[in-house]
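Worksheet: the structure to be examined is printed underneath.
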Amino acid sequence: MAAIQDRFAQIKTFIFDVDGVLTDGSVHLLASGERFRTVNIRDTYAIEQALKAGFRVGILSSSNADGIRNWLANMKVSDIFMGGPSDQKVKAYLGYIARDGLNESEILYMGDDLPDYTILSRSAVFSTCPADAVSEIKGVCQYISPCSGGQGAVRDVIEQVLKAQGKWGVLL
């Protein structure tokens, strides 16, 4: 457990998938054809606290839901990479870290399904997933949250990082 706490203490950047991480993976379909997703307010609070504490928060998803994009923009999350094909996630990830000069050993990435596998398998990245991630993802992750996607998994990892760095609750 000490090694995991050491990893939490090194993190400067969070990168999250959307569907299955920030949401429970459900897409609600209305008769009009409109689709919407549900997010957890505790995850929202944790993201806001991470941003206030000076952490970078990035979103990497093949989803291109306007509601999610607007929700993220309202929280001032500026590193949003949404809408590309799922097989291009690695390219978007590598472009993001190169563009901003990010150190992979300081990145916590949370994903839940096969499109996240290659990124989560990178040795330097602190790979995490929700409790309900697919088995292949759980098999490569260094930390599995006790919470499911859309049910506090994001809050869990952010809170642990901020606590490990003495920054949780400081901003209250």
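Quick reminder: no glycine exception, Cβ is built from N, Cα and C everywhere.
According to TrEMBL:
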- ASP17, ASP112: Mg(2+) binding site (BINDING)
- ASP19: substrate binding site (BINDING)
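Neighbour density for ASP112 (Mg(2+) binding site): within 10 A of its CB lie 31 other CB atoms from the protein chains shown. Within the same chain, residues at least 6 positions away in sequence whose Cβ sits under 8 Å from that of ASP17 (Mg(2+) binding site) are ILE59, LEU60, SER61, MET110, GLY111, ASP112, ASP113, PRO115, ASP116. A C-beta separation below 8 Å, combined with a sequence spacing of at least six in one chain, links the residue listed as 'substrate binding site' to GLY25, VAL27, ARG37, SER61, SER63, ASP112, GLY149.
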